Amino acid sequence: MSDNAQLTGLCDRFRGFYPVVIDVETAGFNAKTDALLEIAAITLKMDEQGWLMPDTTLHFHVEPFVGANLQPEALAFNGIDPNDPDRGAVSEYEALHEICKVVRKGIKASGCNRAIMVAHNANFDHSFMMAAAERASLKRNPFHPFATFDTAALAGLALGQTVLSKACQTAGMDFDSTQAHSALYDTERTAVLFCEIVNRWKRLGGWPLPAGEEV
């Protein structure tokens, strides 16, 4: 492992993983059959002192894939009209291709080896993104096929809250419930929450590891 003084890089902090915050809005709960309707991604960076912060934001409204299910209950919940021409929706391929292109550049620039998804209740977002990547025959998917950083679990440990809005408020962050269930807003809040948890652990002395505990 590097000397403590050198542990200010993303690649050192997360064992070579490049964290990317993701949130999706969908037309149901089944990643194989229900439409992906919106996706946002935020890459992260560290400053020279090793503090984590948001970096680049990408956001796309997505066209339902051919034959996709559109559950009325899900659409009522997130307020998305898939047929609204003003959404400016793009294909799954276009959205994921652009996200992955930026992510691959970030991996290279940071000296990391692979991207890892950060999301709130991450299994849901991960399953939809991976299913969409498979449908789009996306080449060179930079994301780990199953590992994630789940901010619901991390916030439960660090803050005693698992609901995104309550975790943000407990951490001293603003949360506007009227903007919730927008992929862009939820990704922004999740990114700031993840950074706060990581940085709080650093402020408390948990990172870098004390001498003798490095591996």
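From the backbone N, Cα and C atoms, a Cβ is placed for every residue, glycine too.
Secondary structure at HIS181 (active site, proton donor/acceptor), as computed by DSSP, is coil. Here Swiss-Prot flags HIS181 as active site, proton donor/acceptor, drawing on sequence analysis.
Under the three-state DSSP scheme, GLU25 (Mg(2+) 2 binding site) falls in the strand class. In sequence order, LEU37, GLU38, ILE39, ASN78, ILE80, HIS181, SER182, ALA183 are the residues of the chain that are 6 or more apart from GLU25 (Mg(2+) 2 binding site) and have a CB within less than 8 Å of its CB. The Mg(2+) 2 binding site annotation in Swiss-Prot covers ASP23, GLU25, HIS181, ASP186, and the record cites sequence analysis as its basis.
Per Swiss-Prot, Mg(2+) 1 binding site is recorded for ASP23.
Summarised as a single figure, the pLDDT of the domain 'Exonuclease' (20-194) averages 98. Among the features that Swiss-Prot reports, domain 'Exonuclease' is placed at 20-194, with the record citing sequence analysis.
Long-range Cβ contacts of PHE29 (site 'Important for substrate binding and specificity') within its own chain (separation 6+, distance under 8 Å): GLN71, ALA74, PHE124. If you look up Swiss-Prot, you'll see PHE29 (among others) marked as site 'Important for substrate binding and specificity', on the strength of sequence analysis.
According to DSSP, PHE77 (site 'Important for substrate binding and specificity') sits within a helical segment. Sequence-distant neighbours of PHE77 (site 'Important for substrate binding and specificity') (same chain, 6+ residues apart, CB-CB distance under 8 A): HIS181. Positions annotated as site 'Important for substrate binding and specificity' by Swiss-Prot: PHE77 (among others).
There are 16 other Cβ atoms within 10 Å of the Cβ belonging to PHE124 (site 'Important for substrate binding and specificity'). Taken from Swiss-Prot, the feature site 'Important for substrate binding and specificity' applies to PHE124 (among others), supported by sequence analysis.
The site 'Important for substrate binding and specificity' annotation in Swiss-Prot covers PHE146 (among others) and rests on sequence analysis. Long-range Cβ neighbours of PHE146 (site 'Important for substrate binding and specificity') (same chain, at least 6 residues apart, Cβ-Cβ under 8 Å): HIS126.
Summarising the environment of HIS181 (active site, proton donor/acceptor), the number of other Cβ atoms within 10 Å of its Cβ, over all protein chains shown, is 15. Excluding the listed site residues ASP23, GLU25, HIS181, ASP186, the same chain places VAL24, GLU38, ALA40, ASN78, ALA180, SER182, ALA183, LEU184, TYR185, THR187 with Cβ atoms within 8 Å of the centre of the Mg(2+) 2 site Cβ atoms. Under the three-state DSSP scheme, PHE124 (site 'Important for substrate binding and specificity') falls in the helix class. Neighbour counts of Cβ atoms within 10 Å were taken for the binding-site residues ASP23, ASP186; the minimum is at ASP186.
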